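Peer 1: The structure follows.
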Amino acid sequence: MPSLGLTPDVMSYNAVIDACARIGDVTRAEGWLDKMKAAGTAPNVVSYSSVLHACARSCDASLAERWLTRMEKEGAEPNAICYNSVINAWCKEGNMRRAAYWLKQMSERGVQPTVNSYSTIIDKLAKAGDIDAAESWLARMAEAGVEADAVSYNMLFSACSKTGDCARASKLFDEMMKRNVVPNTICFNLLINTHSRQGDVSGVLCRLRQMREQGIQADRVSFNTTLKAFARCSDPKAADQLLEEMNAAGMKPDVSTYNAFIAVCMRAKDAKKAECWLNRMSKAGVKADAVSYCTMIDAFAQSGELHRAEQWLEKMEESGLQVGSSTYGLLMNAVAKMGDISRVERIFQRMEQANVEVSGSTYNALISACARKGDVDRAEFWLKRMLKSTTQADVASYSSVIHACAKANDLLRAEAWIEQMEQDGVQANVVTYNSAINACARCGDVTRAEHWFHKMVKQGFQPGVLTFNSLVNACAKALDVDRAEKWLQDMPNFGIQPDDVTYSTVIHACGAAQEPQRADNWMRTMLSKLYGKGDKPSSFCYNSLAQAWVRGGDVDRAIHWLSEAERLGVEVSMASLNSVVSALTRARRHEEAELWSGKVNRNSAARNPRADKPRPRATRHERGGKAE
């Protein structure tokens with residue numbers, strides 16, 4: 001401007017100083033103020049407020065204070081904007097005490113604080129998570145006669161939103177309404193987010209209704225935030241209500257919205273309703289994506305409708321969408337849990353035909369399904385096939401086959417797979433060793449069971465109660481009561497306490513070895529160690545002990561334990577009742593035998609209710625038309 005023969009006026013200088021302030025360049029802002037004065041142009045309050053604004057943006061509160069003092073000395077009276085800049089600068093530095101000091105100074109010097117004066121402090125405290133202090137400043141603001149606006153409340157709603165404090169947010173909203181502060185869309189969106197963080201579906205729907213009733217337009221953020229609340233929702237009616245609110249707001253649901261509705265139905269285990277949503281989605285012209293199909297497959301898989309789940313897999317394949325390994329795996333895992341090995345294998349073949357890479361978890365689901373069925377041959381077939389493929393077998397792959405061998409009582413086969421596993425460089429884990437010990441137990445091979453136990457401990461694995469129960473069971477099968485007792489007594493040395501299965505197995509072992517008194521002693525030990533007032537052992541314990549006493553020739557002790565079982569409401573088996581009746585008959589105690597025989601009949605009737613019912617009289621037609 002000087003090159004053109006023009007002299008800059010105060011507005012020109014202020015524009016340059018303001019530009020420097022907006023980028024927080026204090027040095028240049030100060031420089032232009034000095035140039036302004038040197039040129040003989042007197043700075044005004046706007047000039048100084050821009051420099052103060054630059055100080056605030058650069059978080060230099062001390063410098064801002066000095067400039068406020070300087071402007072007063074130079075004859076410029078600070079206004080609310082100047083004080084607000086100093087307050088803002090101290091808030092940015094986190095010195096709330098100093099910010100409060102300047103707010104007080106502002107009032108004492110006759111400058112009326114504005115909503116921004118208080119909101120700056122409220123915002124800083126709310127963002128720091130000190131909602132109590134922020135609320136306190138909101139109250140002080142009202143006492144000072146400064147009307148809060150929606151922005152002031154939004155600062156507090158934002159803090160509540162971060163913590164999911166619905167009660168506090170609702171209280172603040174009620175207070176806001178009483179003070180006639182008009183909420184805006186942001187206000188409601190923050191409230192919706194607060195409810196969403198708590199999974200409060202009814203809360204978010206209530207806020208959407210309030211928005212509509214107050215004539216405030218809900219936007220895409222409102223509904224996207226609402227959907228967060230539906231992440232754990234299992235109420236299909238709530239999905240219908242949300243769709244109504246979206247229609248009322250003129251907002252069309254997108255694919256993610258429909259997927260959320262489908263997921264709600266899946267969690268409600270209502271596959272048919274989920275299917276209805278997908279059909280509505282199609283009619284609305286919204287194309288289903290991979291998530292839509294996967295959710296449908298999962299919904300029918302969880303409801304046990306595997307045929308329908310497979311149909312949706314076929315539809316997904318036909319849609320042209322890329323069906324990934326995880327989608328096939330989703331269905332395979334569900335089918336595997338149902339034990340339908342043929343169907344699992346059929347899905348596996350479809351994966352191969354679609355040239356989808358088969359993951360380790362997919363192979364493991366198939367091997368595990370075979371193992372649960374005790375089908376060792378098929379479990380081995382799929383593990384061998386996995387080993388020939390590029391997919392790496394892991395400890396779960398081998399452990400499942402070893403478990404299958406254990407269920408089939410094939411100890412040699414189980415041990416052969418453990419050796420193969422070690423040769424392949426796969427480290428066995430607790431599950432592997434437990435399966436091996438269980439295989440030994442089922443075969444009654446105590447020596448091999450102890451071998452695998454010692455190897456397990458040597459490898460640094462902590463045995464659990466299942467490990468010891470299998471060891472005790474191995475001893476019981478071999479009728480080696482001494483060893484069974486030894487392992488039970490050794491459990492505390494490994495930090496494990498015997499459970500009811502451990503004691504029950506030892507009691508049964510003693511009975512099988514025809515040592516009823518020993519079994520009796522362990523029963524009493526179990527009762528003293530495990531069961532408090534109102535608790536009771538399983539029926540297996542009582543029945544095993546009673547039958548042991550019958551075999552030992554002491555029917556009275558058997559009657560004692562069966563009577564105790566009846567008193568506690570524990571089921572007495574038919575075998576126990578019959579053994580007592582036989583023993584009493586042999587002892588010529590006929591009246592007692594008749595009494596216990598009555599219990600046999602009642603027990604039988606309870607098991608087969610139809611047996612006691614009188615047959616209905618035949619109709620005339622059924623009698624061949626003959627009169628009585």
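Here the Cβ of each residue, glycine as well, is placed from N, Cα and C on the backbone.
Found this in TrEMBL, in case it helps:
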- 9-43: repeat 'PPR' (REPEAT)
- 50-175: domain 'Pentatricopeptide repeat-containing protein-mitochondrial' (DOMAIN)
- 79-113: repeat 'PPR' (REPEAT)
- 114-148: repeat 'PPR' (REPEAT)
- 149-183: repeat 'PPR' (REPEAT)
- 184-218: repeat 'PPR' (REPEAT)
- 219-253: repeat 'PPR' (REPEAT)
- 254-288: repeat 'PPR' (REPEAT)
- 324-358: repeat 'PPR' (REPEAT)
- 359-393: repeat 'PPR' (REPEAT)
- 394-428: repeat 'PPR' (REPEAT)
- 464-498: repeat 'PPR' (REPEAT)
- 538-572: repeat 'PPR' (REPEAT)
- 595-628: region 'Disordered' (REGION)
- 609-628: compositional bias 'Basic and acidic residues' (COMPBIAS)
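Situate these features within the shown structure.
Peer 2: Packing against the repeat 'PPR' (9-43) from elsewhere in the chain are residues 1, 50-51, 53-55, 57-58, 60, 63, 74, 76: each is 6 or more residues past its ends and has a CB under 8 Å from a CB in it.
Counting residues of the domain 'Pentatricopeptide repeat-containing protein-mitochondrial' (50-175) by DSSP class, helix then strand then coil, yields 98 helix, 0 strand, 28 coil.
Counting only same-chain residues 6+ beyond the ends of the repeat 'PPR' (149-183), those with a CB under 8 A from a CB of the stretch are 115, 118-119, 122-123, 126-127, 129, 131, 134-135, 138, 141-142, 190-191, 193-195, 197-198, 200, 203, 214, 216.
Within the same chain, residues 150, 153-154, 157-158, 160-161, 164-166, 169-170, 173, 176, 225-233, 235, 238, 241-242, 245, 248-249, 251 sit at least 6 positions outside the repeat 'PPR' (184-218) and bring their C-beta atoms closer than 8 Å to a C-beta of that stretch.
Outside the repeat 'PPR' (219-253) by six or more residues, the chain places 185, 188-189, 192-193, 195-205, 208-209, 211-212, 260-261, 263-265, 267-268, 270, 273, 277, 281, 284, 286 with a CB less than 8 A from a CB of the stretch.
As a summary of secondary structure, the repeat 'PPR' (254-288) carries 26 helix, 0 strand, 9 coil according to DSSP.
Non-local neighbours of the repeat 'PPR' (324-358) in the same chain are 290, 293-294, 297-298, 301-302, 304, 306, 309-310, 313, 316-317, 365-366, 368-370, 372-373, 375, 378, 389, 391; each lies 6+ residues outside the stretch with a CB under 8 Å from one of its CB atoms.
Within the chain, the repeat 'PPR' (359-393) has long-range Cβ neighbours (under 8 A, six or more residues past its boundaries) at 325-326, 328-329, 332-333, 335-337, 339-341, 344-345, 348, 351, 400-401, 403-405, 407-408, 410, 413, 424, 426.
Across the repeat 'PPR' (394-428), the DSSP tally of helix, strand and coil residues reads 26 helix, 0 strand, 9 coil.
Only residues 6 or more beyond the boundaries of the repeat 'PPR' (464-498), in the same chain, are considered here, and those with a CB under 8 A from a CB of the stretch are 430, 433-434, 437-438, 440-446, 449-450, 453, 456, 505-506, 508-510, 512-513, 515, 518, 522, 529.
Proximity of distant same-chain residues to the repeat 'PPR' (538-572), defined by a Cβ-Cβ separation under 8 Å and at least 6 residues beyond the stretch ends, is recorded for 500, 503-504, 507-508, 510-512, 514-517, 519-520, 523, 526, 579-580, 582-584, 587, 596, 599, 603.
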Peer 1: Pull the DSSP breakdown for the repeat 'PPR' (9-43) and write it out as helix, strand, coil residue counts.
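Peer 2: Split by secondary structure, the repeat 'PPR' (9-43) comes out as 26 helix, 0 strand, 9 coil.
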